[in-house]
Amino acid sequence: MDNKTMTMAASQRLLKKSNKSALQKEKRGKYLVLASALLIISATIAITIFLGSKGLQAFISNGVSIYEFLTSTKWNPTAENPLYGAVPFILGSFAVTILSALIAAPLGIGGAIFMTEIAPSWGKKILQPVIELLVGIPSVVYGFIGLSVLVPFLRDTVGGQGFSLLAGMIVLSIMILPTVTSIATDAMSSLPKGLRESSYAIGATRWQTIWRVLIPAAMPTLLTAIVLGMARAFGEALAVQMVIGNVRSLPSAITDPSATLTTIITLNMGHTTFGSVENNVLWSLALILLVMSFIFILLIRYLSSRRQF
Amino acid sequence: MGQAIATPAAEKSVFDIKNLNLWYGKNLALKDIDFTIYNNEITAIIGPSGCGKSTFIKTLNLMIQNIPGVRMSGEINYEQTNLLNDRVDLVDLRKKVGMVFQKANPFPKSIYENVAYGPKIHGMKKKGKLDEIVERSLRDVFLWDEVKDRLNTSALGLSGGQQQRLCIARAIATKPDVILMDEPTSALDPISTIKIEELALELKKNYSIVMVTHNMQQAARVSDRTAFFLMGELIEYDQTNKIFSAPSDKRTEDYVTGRFG
């Protein structure tokens, strides 16, 4: 009898009288986050489908040749005999992306090594806010500075009009520098401390330790930093458009004006009518941008899967 | 504080430490240490956490200087050179005084490249010679038979015990005189621990070993001499069997019998 009341008391304490309202709250929370996730996923899918269908329309309903689009260097959709060669813009996009990465990668990784290995205390105190500031500057400001300082400077020093691939690449390299630097800094500082210690203990100098142990160990993440920077450079429109010159022909030198996929879209989307062939080929250019960004993402995922630390 | 030990004249010392004081900022972490480390012996250093034993072992290859705010006085004589002299060549010192850490930390490179790292940074380029060094070092730590077919695979794929033996192989690849071991088995399972201990007993034929350990049984099992540190002081230093059977200092006795620490 006594025993029985004891167990009753225990079961009353442990079991809730009714957990209906708790269950309901639990469910509501679950649906809320599920809805957010679904919204993000469906937005991405919708954009992809929309871009895919609009981007292919020029080839399917307007009869533009895909072959011409991807191989010809002549672009003039509004001429009597319209020409749809997108090669100058595709090449222009790749050129500014790769060249700006070539500048930003060594600078960014160098800055990261300085902050983590050479002067971790004061180096980080100065460089970190500088980098955060660089991220916060809007791209129109970069373009404006490029237009009013860099372009005249290039005109006076290297010749030409100043508006050029070179100008675009310099502006972009400064814009992607913070991306590269901050991810590279994370890569270096997440390396286990024991790697440095044991390299020093074998008699390696600081330089040997950085060059032979730390950089190889951080390599997958350092490459991710560069690819993320390139993805940003590839998609940047405004700042590049302000300094690159926006011509339709293929540049023959780095000091020649040029155009990229993004600049040609932003320049022309305002004065083409929706549904016309001139407008549809711009969507095709946009589709190339989307495909490239998928490739960048795949590359980043591949690189992160190779991370060791 | 350190006591003079009656030693046969034949025994050669590798390290001769006199009046060593060490400060972290304003904190005195090592007080007047007098210490002699002998050739081809295993010297164990025991003591409770924070007693200065890890600090002490890191002075022997001057790794302690990597910590900001460290100041030292006294003498650490190695091969008739006082290491506290400013002109000591750290590269050469660390080639001769190797170190193994508590956590096995192989580089994310192949097994071969891990062992060849030391010789390579010290300027060895010949492939044939490097191959020879890698094989000899891996044989010395009894790892050769386990890894000879996968020398070019990543060292991170090895087990914890194998990784620690690889780190020892990496340390002896530069042909040091002394191997410093800072709690080399504290992160390992008992079987790997025994292997490292057997390895240490084998290695002392060719090297002098200084081993910091938390594990008193380990000190008793492998070492020839044992030093007991307490709060930055060297309390007692003697033959291991004397320390564990008839210590002269009350504090040593309390510690080795498990009354504190």
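Glycine is treated like the rest: Cβ placed from N, Cα and C.
In TrEMBL, annotation is done automatically, which means it is predicted and not curated.
Per TrEMBL, the feature domain 'ABC transmembrane type-1' maps to A:90-300.
Taken from TrEMBL, the feature transmembrane segment covers A:31-51 (among others).
Sequence annotations record features per position, and here TrEMBL assigns transmembrane segment to A:83-109 (among others).
The transmembrane segment annotation in TrEMBL covers A:130-151 (among others).
According to TrEMBL, the transmembrane segment annotation covers A:163-188 (among others).
Annotated transmembrane segment per TrEMBL: A:209-231 (among others), in sequence order.
What TrEMBL records for A:281-303 (among others) is transmembrane segment.
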Long-range Cβ neighbours of the transmembrane segment (A:31-51) (under 8 Å; 6 or more residues past either end): 283, 286-287, 290
Interface present between the transmembrane segment (A:83-109) and the transmembrane segment (A:130-151) (three or more C-beta pairs under 8 A): no
Distant-in-sequence neighbours of the transmembrane segment (A:281-303), which means Cβ under 8 A and at least six residues beyond its ends: 48, 51-52, 54-59, 62, 64, 69, 77, 84, 86, 89-90, 93, 220-221, 223-224, 227-228, 230-231, 234-235, 261-262, 264-265, 268-269, 272
